[in-house]
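**Student:** What TrEMBL records for 7-29, 35-57, 64-83, 95-116, 137-156, 162-189, 201-220, 232-250 is transmembrane segment.
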Amino acid sequence: MAIIITMLLMGVLLGFVGAGGAGFIIAMLTLVFHIPIHVALATSLTAMAFTTLSGVVSHYREGNVVLVIGGVVGGFGAFGSYIGSKFGSLIPAHLLHWFTAGMLFLSAIFMFIRLIMFQKRSQSSLKGHKELSKDNVIKCIFLGLVTGILAGAFGIGSAPFIQLGLMVLLGLTIRQSVGTTMLVILPIAIGGGFGYSSEGYLDYVLLVQVLIGTMLGAYIGAKFTNYAPRMLLRFSMIMTPILAGCMLLVE
């Protein structure tokens, strides 16, 4: 019950901020409840498959999802995430704490870059979303494999990396990158979760507890997002992964 209540509070924060969810869940499970980090990674990654599903549907209805790009990046991302999870399962726990924390700090930097440099982009430079050029297909494959491997190995969603990649490599707008990133994370989470599950690291009872708490909390937290000052939201989006990384280093 303590895990559900804690995850509920976490969900409220993450629903409000809209970023850094996987890393914070990993940090809380390892630091507060002393869950082995491989189990925490498996649980967090699998939980993302469920928590992002509603987000994908919502963004698709709003027209923010570029299906062709999301499908290609997500498909190869799932493969990369599966491979990454196999690699992550071989990393000793004491080293994995450092690697995952490092990735969280790096994601905060990427989030800062996205918020500062690309906040005003409103027009896509991609010509024709339904037909991808050979160069763009290669970019999609590269982006999917790299972000998938990172997500699978270190258990984080890689959202800032995916968003920046979609904007820089493929020319998507802010809205398109956010919605399409949700679509990309879905297969990445499934691939990584399946990989860790096949290694015996997925705790199904813990997964249900995390899902109950975070999904309910995220729904509540999202209600407050529109009332928060934009500067507070930006600050929170950058500081959330930093705080999660610090918690992992303490552990």
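Glycine residues also receive a Cβ, built from the backbone N, Cα and C atoms like all the rest.
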**Student:** How about long-range neighbours of the transmembrane segment (162-189): same chain, 6 or more residues beyond its ends, C-beta under 8 Å?
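**Tutor:** Counting only partners 6 or more residues beyond its ends, the transmembrane segment (162-189) has Cβ contacts under 8 Å with 45-49, 52-53, 55-56, 59-60, 62, 64-67, 69-71, 73-75, 77-78, 80-81, 110, 113-114, 118-119, 121-126, 136, 139-140, 142-144, 146-148, 151-152.
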**Student:** What else in the chain is close to the transmembrane segment (64-83), if you only count residues 6 or more beyond its ends and a Cβ gap under 8 Å?
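**Tutor:** Here the qualifying positions are 45, 56, 126, 129-132, 136-137, 140-141, 143-149, 151-152, 162, 165-166, 170, 172, 175-176, 178-180, 182-192, 194-195.
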**Student:** With a cut-off of 8 Å between Cβ atoms, can you find at least three pairs linking the transmembrane segment (35-57) to the transmembrane segment (201-220)? Only pairs 6 or more residues apart in sequence count.
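**Tutor:** They are in contact.
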**Student:** In the same chain, who gets a Cβ under 8 Å from the transmembrane segment (201-220) while lying at least 6 residues past its ends?
**Tutor:** 3-15, 21, 25, 29, 35, 38-39, 41-44, 46-47, 50-51, 89, 193
